[in-house]
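Listed in TrEMBL for this protein:
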TRANSMEM  25-44  transmembrane segment
DOMAIN    44-419  domain 'Cation/H+ exchanger transmembrane'
TRANSMEM  56-72  transmembrane segment
TRANSMEM  92-109  transmembrane segment
TRANSMEM  121-143  transmembrane segment
TRANSMEM  155-177  transmembrane segment
TRANSMEM  189-211  transmembrane segment
TRANSMEM  223-247  transmembrane segment
TRANSMEM  259-290  transmembrane segment
TRANSMEM  310-329  transmembrane segment
TRANSMEM  341-365  transmembrane segment
TRANSMEM  371-390  transmembrane segment
TRANSMEM  402-424  transmembrane segment
DOMAIN    479-618  domain 'Cation/H(+) antiporter central'
DOMAIN    620-774  domain 'Cation/H(+) antiporter C-terminal'
Amino acid sequence: MEHLCPSPMKATSNGIFQGDNPLDFALPLAILQICLVLVVTRGLAFFLRPLRQPRVIAEIIGGVLLGPSALGRNKGYLNAIFPPKSITVLDTLANIGLLFFLFLAGLELDVKSLRQSGKKVLAIAVAGISLPFALGIGSSFILRETIAKGVDATSFLVFMGVALSITAFPVLARILAELKLLTTNVGRMAMSAAAVNDVAAWILLALAIALSGDNLSPAVSLWVFLCGCGFVICASLIVPPVFKWISRHCHEGEPVDEIYICGTLAAVLAAGLVTDIIGIHAMFGAFVIGVLVPKEGPFAGVLVEKVEDLVSGLFLPLYFVSSGLKTNVATIQGIQSWGLLVLVIFTACFGKIVGTFIVSLLWKIPKNEALALGFLMNSKGLVELIVLNIGKDRKVLNDQTFAIMVMMALVTTFITTPLVLAVYKPAEKLSKSDYKHRRIERKNPNTQLRILTCFRSSRNIPSIINLLEASRGTERGERLCVYAMHLMEFSERPSAILMVHKARHNGLPFWNKGQHSANHVVVAFEAFQQLSQVSVRPMTSISSLSDMHEDICITAEKKNIAIIILPYHKNLRLDGSFESTRPDFHLVNKRVLEHASCSVGIFVDRGLGGSAQISASNVSFSITVLFFGGHDDLEALAYGVRMAEHPGVELNVVRFLVESDSSEEIVRIDTGGTPAATVVSADEEFLAAFRTSISEDGSVKYEEKNVRDVSETITILRDYSRCSLFLVGRTPNGVVALALSQRIDCPELGPMGSLLTSPEFSTTASVLVVQQYYDNLYANSSHQMVED
């Protein structure tokens, strides 16, 4: 029977008014296909998010649903939306997306860190490849006897081995970030082992492709393989020097010349063309270029930024659909087929998990960590689909085998997250450790103060360092220990993996002190450490915004922190007002205030000390504490007293007293369940001790102001608006504070913080809003609060 080729489609239509059906033309049909794919895959990703599944799962399922397995059972839909004549255009677009995605995947792989991988990681990676490869070869014999009769034995054997031994490095990195395991021992080993695994998989894949040509002559396969090796060697000699030269011409913070970006993208396509001519898939050339581009300097980051959204967001989902259109789950029918599916899933999981587990135990890794490593290494994803698609295109895998292998990839990746969560919970290791100093106010003010300060970008760093310099108190720097945490948002983008690499390269969670790092953030904190003799440890938290607060709170607990200092979620504009660039950070601050097991401060930065870091001898700050009463105000005052020890700090403490004619309103004060008398006595006791201690100190002034209402309070505040920093409690007590709380704009800042940051109050002073750690343990001994 003769097959008629479908006539080629024209690119654009004349429109429905001229009698054309747009779906008979390539461009409108491609646009409809892309939109449909995006809606389905993003919709599925949204629904799967509560299950903590990586986006690749949604994309694979979306592809299968749009293909003949589900919606494609309706032939009318399949012929209208995905007619056979449109598949070439769809596949071409998908493969261009794949080409650039694998270039990005190559950029994600840091070859230097692979060289530094220890024997342990290498052993885990080898075990994670060799046992599944062997089992893949074993299962290939069973499949050839049953559903894959007549295919070329050698290439089928290698394809099956590669398909079972792959670990999807990009997918694994996202799972680790989602589960907060990137910075753990398990996460570091899994990332390094998966990277080694990835490189080995690509070499094996190149071998499999070389063996799977239509020409069965061994000489042809040998030529393909030798030419592939020649291409890699030539690229290794030419590409790195060229890109190093480009990197030298790109400077941090300046736009990269468009010619460099364009030249790089052209080089990626040219490399793809060369490997395609050789007979290895075009994506192999793109991957090699990505690996060879140097990761240092701003160029790699800019390159990823320019390419990733279009590729990952638009083109790549097309690849999953093009796979889905080749997958027909209906071909898996009968006990034999389902039995083979179970066999393939079992051998894939058994090989990866058992191989990794046994070798990990031999290297003295604890059982639960070894098991978690095995589950993590079992995750599959895009690379797996690429192998299967090439196998399908080269006629090595038939429809039924292909469907079974796609289902295997889906199941093994889907079970990774729940299994890892079941056996390994690093957060659980953190019992509610009982440490003494969870706040600044304490019995002995000479004990070490431990601060965790968080920042999102480098723009706040000079102000944060100036605040820390003031917090140092006396010249004895060892009394202050600072952990500086860089909050980085982890996303589904490839650049997030690059970010992880940079952080891990710096020895996450701490930057290595030994290595000279070009990171200007680290340089600033190292300079402060040397000048001030203060212990500063920079760290990086890479997590999604929904659970960033967990990183902050767990770190505070682990490091016995007394106060967490968070950046205000709005940035200062040139006209002095605040604008919210990322409102999501407002939720991070809110959750930390709720969950932290120590005191918390929110720092509203108006350029404390100007835009540069000030040396200790030049510090000249005027700090004002506004005291209304209550636990939070006591904490703000305790912080102020500590700052006043610094020779360059002047402290003004302003206590607001309500005049007697409004005293009958005091009964309405909300003191959070603590009897008003207790709060008042704690205030009086602390203030009495404070006044006694400052009697000889000329740099500290204490004033009491009688006020009747809010307007009088604001008038008095204006007299202090020229100071450098306001220290205020988040929930002050008193009638005036209660009246002010009726107009709170931002609940995290409380009434005073909201007033001092509102447009109607003109000041250039920064504000630190403090919430004291307070629980029942302290409540029971609240009459001893002064001493505690």
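Backbone N, Cα and C define each Cβ position, glycine as well.
Note that TrEMBL annotation is computational and uncurated.
Under 8 Å from some Cβ of the transmembrane segment (310-329) lie the Cβ atoms of residues 33-34, 37-38, 41, 59-60, 62-69, 72, 82, 87, 90-91, 93-98, 100-101, 104, 382, 385, 388-389, 392, 399, 402-403, 406-407, 492-494, all in the same chain and six or more residues away from its ends. Between the transmembrane segment (56-72) and the transmembrane segment (25-44) there are at least 3 Cβ pairs closer than 8 Å, counting only pairs 6 or more residues apart in sequence, which means the two stretches are in contact. When Cβ distances are compared across the two stretches, the transmembrane segment (121-143) makes no contact with the transmembrane segment (25-44), since fewer than 3 pairs at least 6 residues apart fall below 8 angstroms. When Cβ distances are compared across the two stretches, the transmembrane segment (371-390) makes no contact with the transmembrane segment (223-247), since fewer than 3 pairs at least 6 residues apart fall below 8 angstroms.
Counting Cβ pairs under 8 Å that are 6 or more residues apart, the transmembrane segment (402-424) and the transmembrane segment (155-177) reach 3 or more and are in contact.
Sequence-distant contacts of the transmembrane segment (155-177) (same chain, at least 6 residues past either end, Cβ-Cβ under 8 Å): 54-56, 105, 108-109, 128-130, 132-137, 139-140, 143-144, 148, 187, 190-191, 193-195, 197-198, 200-201, 204-205, 207-208, 211-212, 344, 347-348, 351-352, 376-384, 387-388, 391, 394, 396-397, 405, 408, 413, 416-417, 420, 490, 492, 494, 496-497, 500, 542-544. If one looks beyond the transmembrane segment (223-247) by at least 6 residues along the same chain, the residues whose Cβ comes under 8 Å of a Cβ in the stretch are 206-207, 209-210, 213, 260, 263-264, 267, 271, 274-275, 278-280, 284-285, 288-289, 292-294, 296-299.
Within its own chain, the transmembrane segment (259-290) is flanked in space by residues 95, 98-100, 102-109, 202, 205-206, 209-210, 213, 220, 224, 227-228, 231-232, 235, 239, 243, 246, 249-250, 299, 302-303, 306-307, 386, 390, which lie at least six positions past its ends and keep a Cβ under 8 Å from the stretch.
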